[in-house]
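> First the structure, which I've put down as structure tokens, then a few questions once you've had a look.
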Amino acid sequence: MKDSGHDGDEQCYDNNISTFEELKSRSIDSRHLYEWNAPIDTIHNYEKYLSGNDLTFANHRYCNCSPNWFGIRCQYSFGEANEQVTFDEIIISQFKRKKPLYDNYEIVNHPSMLTCYEGLQCDSVICLDWQQICDRQINCKKGEDEPEECLLLELNECQNNEYRCRFGGCIPKSFLIDVSYDCMDLTDETTTYYGQQNNSDCYSTPLPMCDFHLCNKDKFSCSDGECMALTRDSVWCNNGRDLFFNQKLLLSSLSSNEKNSSKITAECWLLMLCTTGKRYTDLFGYNYSTCQCSLTSSDNLLCGDYFRKHCPKMFMFQTVNNFLYPFVQFLYQTSLNDSLLWWKPTHFCYNRSLCRAVPFTSTMFINDMMCISTQPVNYDHLRWFKNIFIACSTTPTSALINDKRLFYCNMSKTLISIYRLDEQYENCYLGEDSYYDDNVRRILNLTDYFKCHTVDQWWPRPLIRLGRCSDKSDLLYVGQCTTASDFGCQYLRGIYSPPINYIFRENCNHQVKLLYSIDNETDETSCNAWPPAYCDGYWNVINGEDELNCTNTTLSYITHRVFQCNLNEHYCVYLNGTMGCLSKERAGDGSIDCLGGADERAIMYDSHDRIHEFYCSNTARQFIDDSNIGSSAEYLLKNSLCDNMKDCPHGDDELMCQWKGNVTGSEILDFMCHNGTSIDREQQCNDIIDCHPNAEDEWFCDLYKLKDLKFALNKIEAYPSVNIDSTYLPNIAGTRSYVASRPTNDISYESMKPLDNWFCNRGIIVRKRSSTAECFCPPSYYGRRCEYQSERLFVILRLDRPVSLSGHQNQQYAIRLMAYLVLDDIVIHYQEILHATFMKQMFYLNYPRPAPKPRGNWTVRLDAFAVTKYDVKFQAAWLFNVPFSFLPVNQLALHLTLNDSETCRTLLCIHGLCRKYLNSPNHEYCQCEDNWSGKHCNVTTTCSCAEGSKCVYGYFRSICVCPLGRMGSECHARFNPCDNIQCQNGGTCMPFDEREKKFVCSCSDEFYGDYCELSHARIDIQFSSSLSFRESQLSTVIIVYFLELSHDSDGYLSIQNRYLYKQEQQLNKPLRIFNKNQQNLTAFVLLEIFSEPSIVNYYIAAIVKQYLTNLNTIVDQSNRCPYVDELLRNETIRQFPLIKKVKYYRYICEMDFIGKCFHDEAYLCFCNSDHQPDCLFYPHESAQCAIDYCQNNGRCVQNNFNGVWDFGCVCSECTYGSLCQLTTSEYAFSLDMMLGQDIRANVSLSNQSFFIKFVLALFILMLLFGFISNFLSLIIFKKQLNVQQYGCGVYLFCLPIVGQFGLTVFVGRFIYVLGTQLYNVNHRSAARWSCVSLEYFLSTCPMLFDWLTACVAVERSVSVIKGVAFKKLDSVWWAKRVICSLLIIVFLSSWHIPFIHDIIDDPRATALHVWCVIRFPRSSLRYYRLTVNLINLIIPGLISVVATAFTLHKQTRLKQALLANDSKEKGYLKSLKKQLPFYGSPLALVVFSLVRLIFSFTLICITKQWQKYVYLTAYFISFTPLMGTFPIFVLSAKIYRTELENFRKQLVEKLRGPSV
């Protein structure tokens, strides 16, 4: 109950009142109030008072209720004596107390027991039910319940990943045939597709299905989910709604004021009432036995005379169950009535103006209604009769008739959806929708239909597996469909279609499985190569020699010990009853020698698709002569043998047991042995000899032997071999839970009248202090007695969440979903749901009350938050339009996948972030920062939510999203159910949901259970060094399958668990994998390893033949399961279709195959101890991601299992990272590539690896050294005034500026990489522009520096060439313009950088980290970038080399001319050596550029760790020139060294201060 605030003088019935101030003085906290079951609002207000947020609550009164009472004044009770009864148990118990009311006629005197939809009130028999809106039947006299917009249901089409329900709604295809109802008309499941389920128990159960179930049009809706067939006298609603309807219907004739028909007399009305039967005479209080005329009267002629005498010549009377009234009314003309059928109406009348499409004409009009004779119409067939008037709801215009989404019923002028065709359900008058042009089907969404393999038949998928296809192809699938994840269900949905639809052992087993051929093959063709199975009790060859010479079998005992046959003979009872032996040469020769056709069984069973049985001699001969004997075959079950009754015409079934005398009494039901012992028939043919010594109870039992289809695990070698150890064996008898389950509470009630239990309809009765009753209504009803039906949206939701929000490391997270029903940006209603893994969750979003709701743009927004005990973090949002919002009750079925939403730049978000809806990337929204709201996050908002919670704005209303352990409208109320909870094995108790599951134990990786009391089974996998991918630096993705071989399954595997592991480093460490929520390992553990984008291999990690809880295994090359074509040596066999190829697998096992397994497209195969193949059906599901998250052509591998999804990227050469986002293949250095894999995300800097700390130190040293170098250079070049009088000096002055700026950007780029991985990125826009700008200047600064260096060399060369003619002013003039030009050219040539750099993040991450990556929208940009980089690397260097060499040579020649006394050669070298430090030092910069160029083209791919270090060294070297201005240009020139010395002296003098 909602707390209304201060109670004033309202009475507290328990007289236990305390103010909040008094509670505080007694040290009472909100936890105590929670334990005392105080209202949530009271707890919320008290916590606000305690925290000092609202001291006005000091005098607020709290009423502490005694047991079994609740409410803000303790005014309510459920009347339970047991305090431990839960609310769920109370609801169930109250519903079970209800007794059916179909014969309780008192109900019609209680109009509040008739539930009504108040949104549309019209002239109808009784108030409308919500299902009567757009049900294609006019229930209002003027047709208001069938507006034109109802046609939208027929016009609706679903997406390819959706299934269309018959009524027009859509559900996710993953919800189809999943053993739970999702369509409102229940057409998504096989058992309810045709509406067979009437939900007759809805009156006594609170199941949600009852509140949203739409009845088929041939059913009457009882308004509570129960649907009754439309027949003339069999509509019996358990809640009595049909009594209300028929009472008003029958009384309507008495109150009729039709002008052109006479008013019916009381005698006539009573006469007509008697024709309705005893139920309705009792309804009106009349004794049916006093009726002189009824449907059972013997004298119809006399009744006809009485009818004409007392009834007017023309009158209106509505027969029972005229569900079309008042739109359609029945007219009687006594002069036209047949005397024998006097009770039948002669005409039906309807409003012609509202329904011009009815295919009948008449000139008879009464009260503006056209009346049609009932003679050509079977009005008793109500479903068929209703089809006539379906067309009344829509006028068939030419546009609609030609609409490809609709089918036009020409005879009834009705429009129906094309998806209603061919479903064996008549929708048109006279069933014309059953005959249509096949071209209509071709425009259907055929994914909703199953195409029969060999015939042109299409069936809705829920109808397959029922043998609808004439070729029975819909029955051909492997596995079961008992849970949603079963492979059988996936096949039925059309999600998975294997190349073979039967198990391996069904090949060549003499039982035809495939009734049609595929590639001219069936399961029973090409069986010559199929290996026979010896001594399995089944004749695998025609003469049965595979069952000879067997030992230790019941059959061998009978053959050799009883019948005394030799090794080459079968035992036989000849046709005359003589017992003997038959040589194998006579078996299978086409001539029957033994009773039951036992010697020709292979021929008979192979030629007739029937289970093995005892065939009478006349039938057996027919088999040999004609295999197509059809149903005339006479065969016997095993219990018919030797039962002292001759079932075969010639008594064959009793000839072999002539020792039996005349058996009477109960002995005939037993089997009589030759020794006189009587045994139970169940002991016959149980493979145990009960009749000694001759084993008569097992004779001929091999005839009934079916080939064993089960996989023989006992014949497969276990891997690894494990000694049976009791420590590995669990308690097979059962594992005790840590805490025993609470016993079910027995709820007792005082006896009540039947109608009293229905007081609240589908609500819950509560008792008040005044002993009166009050109703608590469910969301689907409202009103004092829950008598009004709510307008509502029923949401069915399943959410798959990323693995990053699962597992122990994130078990302290929960996903809280906020669902908002929004009308034109205003929240009308909202619900919050705590996500439950593996489950569908159902809830209501209610429209405003009372009905009808306003028209407008109705949408549903879903927000997902990751919540802990301390904070709430927004994750993503979805936005959905409400389909068919004109309906009073509708449904939204959603299968969502939670990942990180994309950012956008199309919406201006001033104080927020632009994001895209996950389901609608073309629609954006602003995710606002705290205390900001509005569409553009430009409205300041004050939030009253408690600390740690989050305000949700944007719809003119603030909503608080609470962390775990908080509740209330503003999240101030606390609850902590963990005080008395002990989680075992290091688990941590976490508060969860105050409504249902109060707490969860967050368990460590090794444990699970409600209290972490159970251990996961685990397997430790070591990868052998012989595996080629073990040492690879490329990322490897491994999918681990725990495959279970169920005891009741025939040759197919089911997946118990499936996990994806991403290995971005070498696989040189053991991989520990837990089989979660299971105490034992499965029979097989299979690895699917993606080592390169185009390479995938299967490896068997374990074959387990006993109960094991943990296992260590080694995977090497022998564990690989190669594709079968790698093992088949014969090229011809390899080219066979798979259905034929499987029959040649024996050749693989007969050769020296040293592997443990092999596979094909359908099977996982093993070679058993007999060197024969045995295969298990194993569906190979596609691991391809639905959304490709991987960059740079990486392969995206996805796993979505049990509601948790994950993916991994298998990177190609030269790409690295979790998303393959890091690359060296673009001939450019990247800090992300070199350091990204070594940075530990969300780990503090102090806990980073030594390598990262070392690199950080290098960056700091480079920045400091560069700052000193460039600062000194700048001072020297600025102080030396003569320098700036030359163009060269201008260039030199600019070099330290560019160098220092470049170094700063260089260090900033490292800080960016480090910071974006260590901390959350909350401002993606700032992160992106930082990425682009840093990369831009990181690219342009070295280019500009190299060009300036080249300019220095050119300037010096020009000065040497011109000599005294060199003009300093001109050189300065040119230098300034060259610098400006260089700036423009370099910056403009790098225009592409903002377009190829972007930020990406991992959608699985719980924290938001981004990577600055290169992505080329067009390949031309890749080549342009390469060209620009090469030009800026090569051209400046070449210019510097040429200009410097020329300058050195010229200067050397000049100096040499001055040295006259030295020889020419010696003087040149000496002069060159003197000039080299000044003019040649810039060549060092060229060397650095050359190093960068060489490494860019040589170390393209990093495959070894040392290459990374070399690459990083080269990267640092490439930026060394930026800090080399001082040593290269200052220290190399005497003039600058002199200036440096002067600067040093001046600095020292300033530091010493003025001399005294």
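Here, residue 1 is simply the first one shown, and the rest follow in order.
Each residue, glycine too, has its Cβ placed from N, Cα and C.
What TrEMBL says about a protein is an automatic prediction, not a curated fact.
For reference, TrEMBL lists these features for the protein:
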type     : residues        : note
DISULFID : Cys122-Cys140   : disulfide bond
DISULFID : Cys158-Cys170   : disulfide bond
DISULFID : Cys165-Cys183   : disulfide bond
DOMAIN   : 974-1013        : domain 'EGF-like'
DISULFID : Cys1003-Cys1012 : disulfide bond
DOMAIN   : 1181-1221       : domain 'EGF-like'
DISULFID : Cys1211-Cys1220 : disulfide bond
TRANSMEM : 1250-1277       : transmembrane segment
TRANSMEM : 1289-1314       : transmembrane segment
TRANSMEM : 1374-1393       : transmembrane segment
TRANSMEM : 1426-1448       : transmembrane segment
TRANSMEM : 1476-1500       : transmembrane segment
TRANSMEM : 1512-1536       : transmembrane segment
> Does the transmembrane segment (1289-1314) reach the transmembrane segment (1512-1536) with at least 3 CB pairs under 8 A, where each pair is 6 or more residues apart?
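Yes, the transmembrane segment (1289-1314) and the transmembrane segment (1512-1536) are in contact.
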> How does the domain 'EGF-like' (974-1013) divide up by DSSP, counting helix, then strand, then coil residues?
0 helix, 11 strand, 29 coil
> Provide, as an integer number of angstrom, the distance between the C-alpha atoms of Cys122 (disulfide bond) and Cys183 (disulfide bond).
29
> Count up the helix, strand and coil residues in the domain 'EGF-like' (1181-1221) according to DSSP, in that order.
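The breakdown for the domain 'EGF-like' (1181-1221) reads 0 helix, 17 strand, 24 coil.
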> How far is it from Cys158 (disulfide bond) to Cys165 (disulfide bond), counting Cα to Cα, in Å?
9
> Can you count the other CB atoms that lie within 10 A of the CB of Cys122 (disulfide bond)?
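Step by step: centre on the Cβ of Cys122 (disulfide bond), count other Cβ atoms within 10 Å, giving 14.
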> Which disulfide-bonded residues are spatial neighbours of Cys1220 (disulfide bond) here, meaning Cα within 10 Å, out of Cys140, Cys170, Cys183, Cys1003, Cys1012?
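Among Cys140, Cys170, Cys183, Cys1003, Cys1012, not one has a Cα sitting within 10 Å of that of Cys1220 (disulfide bond).
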> What is the average pLDDT across the domain 'EGF-like' (974-1013)?
88
> Taking only same-chain residues 6+ apart in sequence, whose CB is under 8 Å from that of Cys140 (disulfide bond), what do you get?
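When sequence neighbours closer than 6 are ignored, Cys140 (disulfide bond) has Leu120, Cys122, Asp123, Ser124, Leu128, Pro326, Phe327 within Cβ distance under 8 Å.
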> Who sits close to Cys165 (disulfide bond): which same-chain residues at least 6 apart have their Cβ under 8 Å from its Cβ?
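Correct list: Ile171, Cys183, Met184, Asp185, Thr187, Asp188.
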> In the structure shown, which of the disulfide-bonded residues Cys170, Cys1003 has the fewest Cβ neighbours within 10 Å?
Cys170
> Just counting, how many other CB atoms are there within 10 A of the CB of Cys1211 (disulfide bond)?
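Taking all protein chains shown, Cys1211 (disulfide bond) has 29 Cβ neighbours within 10 Å.
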> May I ask for the distance between Cys1012 (disulfide bond) and Cys1211 (disulfide bond), taken between their Cα atoms and rounded to an integer number of Å?
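Here the two Cα atoms are 38 Å apart.
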> For the disulfide-bonded residues listed here (Cys183, Cys1012), which one has the lowest count of neighbouring CB atoms within 10 Å of its own CB?
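Minimum Cβ neighbour count within 10 Å, taken over the disulfide-bonded residues Cys183, Cys1012, occurs at Cys1012.
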> How many neighbouring Cβ atoms, not counting its own, are there within 10 Å of the Cβ of Cys158 (disulfide bond)?
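Summing over all protein chains shown, Cys158 (disulfide bond) has 19 other Cβ atoms within 10 Å.
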